[in-house]
């Protein structure tokens, strides 16, 4: 069993749902099972002068169709939760693998997550299509085979021998098609990567006179894609031979076998008509559909599952990685020792030789112009970035709140309790009041009101309030706010800071407003060249740039 099917098996819902789908599929195919036998008896009854009996046999077909229609309705109701549960399982496994890869490598994976979601939705649609086709291929095939054997075993064998040969040939073609389809997909991905790389480096290539090399590389990739696609098409063309062998040859075989049997009287005309009915109305359409599904949708499904299995099987970050902050010295919440950081080896360092200690229960404000390293410092605190050199030690239970507030689809209560579902109701109500969420709760008709994806009822400020309240309700002892109140009124800043510090938590505020420095116990100031640490009054006396920053802020405020 390959990795793709192992992934599918691990995410398949409870077997009882599959059994329910299979059972209703069997009932739905009752008309296919009885049609040939009923037609045979109706013809024989009519030729022997018993029209009433013939009518009853035809009525049996009508009754079977009514039962089949009722089963179809039940079948769709049984298929829907099965497909959706499968999608949820695949989504959980693949997104977990993508996030593990991002955590291990440190590379953002937004594009990968988007591509994975699209592939999971494709798998969902393909599984739904294959299941729908199951009721018009596999079960009808089995019904036709059983009906032919019940009608006359000689005619049944005459039809089943070429059918078995066709199915055997198709079983050989499907793995080959999968391999060629997979090779074509890899060739397309490689060509896409080469195209992006060449286009990104086109100016340097032209400067070096190597644009011809880039063109040849792209042409070579395009040729590889064309060759791979041509091999897929050649394999696909063999489907017509399978359809001819499994759908058309059985009819010829039945007619040839029936001729001598009709002459010696061992076979009735009704049996021949019934067998022909099975072959033309059930067997031939089912074979054509089976070949198309197994050679098309199933192949595409296998290739997609293999790709998703690679994503779902990615390992997470290694234990003991530098990206996991270790415990600081007792009495401190965060410690940075001789930390340097650069986003790329060839880039200018954002931080160099930084030593910083944050005491437990302290409120630290980080100020400076954009691009001086404030948000980088916050990400180092949270373990979202690893230092180029030096060490970062942070207490467990640290909560990082970015400027971009994330609110997910669900109830307001679920959003607020996301980091600690066991918060008491009184504490939850207090958070709503402290962070000014009463108006939002009223708009949503209470804490259990649903927040939709991209809900226009929430403003950007509402989202920041929800995320701040979520952090406040969490058990985190250290909270890092990276401009997390940027969209709130100025008057709310002090209330938010007081809410986090009143119970002795450590608060680090990456400030977008300089007023926070007056309320903080310690100020870390980035002036673009150095990092200065001290109390607000001390920095005002010692650094002209810091003093100018506050003077300009005061003028702007007035």
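Each residue, glycine too, has its Cβ placed from N, Cα and C.
Heads up, TrEMBL stuff is auto-annotated, nobody curated it.
Positions annotated as domain 'ABC transmembrane type-1' by TrEMBL: 21-285.
As annotated by TrEMBL, domain 'ABC transporter' applies to 334-552.
With a cut-off of 8 Å between Cβ atoms, the residues of this chain six or more beyond the transmembrane segment (21-43) that come close are 53-55, 57-58, 60-61, 64-65, 67-68, 71-72, 74-75, 78-79, 82, 131, 134-135, 139-140, 142-144, 146-148, 150-151, 268-271, 273-275, 277-278, 281-282. Feature annotation from TrEMBL assigns transmembrane segment to 21-43 (among others).
Look at TrEMBL and you will find 55-72 (among others) tagged as transmembrane segment. Away from its own ends, the transmembrane segment (55-72) comes close to residues 24-25, 27-31, 33-35, 38-39, 41-42, 45, 135 of its chain (Cβ-Cβ under 8 Å, at least six residues beyond either end).
Annotated transmembrane segment per TrEMBL: 134-151 (among others), in sequence order.
Annotation comment: TrEMBL describes 157-174 (among others) as transmembrane segment. Non-local neighbours of the transmembrane segment (157-174) in the same chain are 141, 145, 148-149, 235, 238-239, 241-243, 245-247, 249-251, 253-254, 256-257, 275, 278-279, 283, 287, 290-291, 294-295, 298-299; each lies 6+ residues outside the stretch with a CB under 8 Å from one of its CB atoms.
Sequence annotations record features per position, and here TrEMBL assigns transmembrane segment to 241-262 (among others).
Long-range Cβ contacts of the transmembrane segment (282-305) within its own chain (Cβ-Cβ under 8 Å, at least 6 residues beyond either end) map to 2-5, 7-8, 32, 35-36, 119, 122-123, 126-127, 129-130, 133, 136-138, 140-141, 143-144, 147, 159, 163, 166, 170, 173-174, 177-178, 181-182, 185, 236, 239, 242-243, 246-248, 250-251. Sequence annotations record features per position, and here TrEMBL assigns transmembrane segment to 282-305 (among others).
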